Every structure is written in structure tokens, then in C-alpha cells.
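Colleague: Dropping the structure in here first, questions after.
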Amino acid sequence: MQHLVFVYGTLRHGESNHTYLQHSQLLGQFETKPEYALYDLGAYPGLVEGHQSVHGEVYLVDEHTLAQLDILEDVPVEYRRDTIETPFGTAWIYIYQETHRLHSLIDSGDWCQRV
């Protein structure tokens with residue numbers, strides 16, 4: 001079975017964990033509706049509900065890759081999977097759950113443009 005996944009941080013092209021998606025198909029860039037907030041947690045970002053648009057990419061992944069992403073994202077402890085509507089269809093999105101660690105908002109909503 002194939003799944004769509006929206007990625008917004010270290011899984012994006014050129015970022016440190018992109019190798020997890022090396023055999024997956026990039027469907028395109030996507031900017032969410034202003035329903036989220038993106039925080040810099042140091043080595044990676046955390047996305048939570050908010051009032052900001054977040055930039056990312058949508059990939060077509062297989063079951064094995066999705067399972068590997070769940071392990072990487074520490075589902076269901078650190079992140080949980082939810083769905084988001086994209087121009088490519090309904091995609092999985094990883095929502096950060098450890099809100100006590102949120103301190104540094106990424107104003108641009110783009111992990112790749114953080115300062």
C-alpha cells in the first residue's frame with residue numbers, strides 16, 4: 001500500500017534525514033493553511049497546532065518507509081500522526097506532542113530558512 005506523507009523538517013530534500021525517503025517519490029512542494037506553528041528544537045523541528053503556514057514537501061511512500069518514519073519520529077510518544085489535505089491528496093503529517101519543549105518559533109514556517 002502507498003501513502004502520502006507531508007514532511008517539513010529533517011526529512012526534506014537536502015536535510016539530515018532525507019535518506020529515509022531516497023526510494024520515495026517527491027510529488028511536490030506544499031505550504032499548509034495557517035493552522036500550525038513550527039518550532040526549532042535544536043537538531044530538528046516540532047510542528048504543533050497554531051496560526052502559521054508551514055512549508056514542506058509531499059512524498060509517496062510505501063508501508064516499510066512509513067514504518068521507518070514512525071520509528072524515527074518516535075510515534076506515538078514524541079510525535080503522533082495526523083492527516084492533512086494537500087493538492088496531491090490526503091497525507092500523513094507528524095504533530096509534535098512534547099509541548100513543554102517549545103521555545104523557539106520559526107517565524108517563516110520553513111525549517112530550511114531558519115536562522
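Glycine is no exception: its Cβ is also placed from the backbone N, Cα and C atoms.
Source: prediction; values computed, not measured.
Below are the features listed in Swiss-Prot for this protein:
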{"type": "BINDING", "residues": "Y8, G9, T10, L11", "note": "substrate binding site"}
{"type": "ACT_SITE", "residues": "E73", "note": "active site, proton acceptor"}
Colleague: Ranking the binding-site residues Y8, G9, T10, L11 by other Cβ atoms within 10 Å, which is at the bottom?
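Modeller: Output over binding-site residues Y8, G9, T10, L11: least Cβ neighbours within 10 Å is T10.
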Colleague: With every protein chain in view, how many other Cβ atoms are within 10 Å of the Cβ of the residue listed as 'active site, proton acceptor'?
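Modeller: That number is 20.
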Colleague: C-alpha of T10 (substrate binding site) to C-alpha of the residue listed as 'active site, proton acceptor': distance in Å?
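Modeller: Given the Cα positions, T10 (substrate binding site) is 11 Å from the residue listed as 'active site, proton acceptor'.
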Colleague: What other residues of the same chain, not counting Y8, G9, T10, L11, have a CB atom within 8 A of the CB centroid of the substrate site?
Modeller: V7, R12, E15, N17, Y44, P45, G56, W111
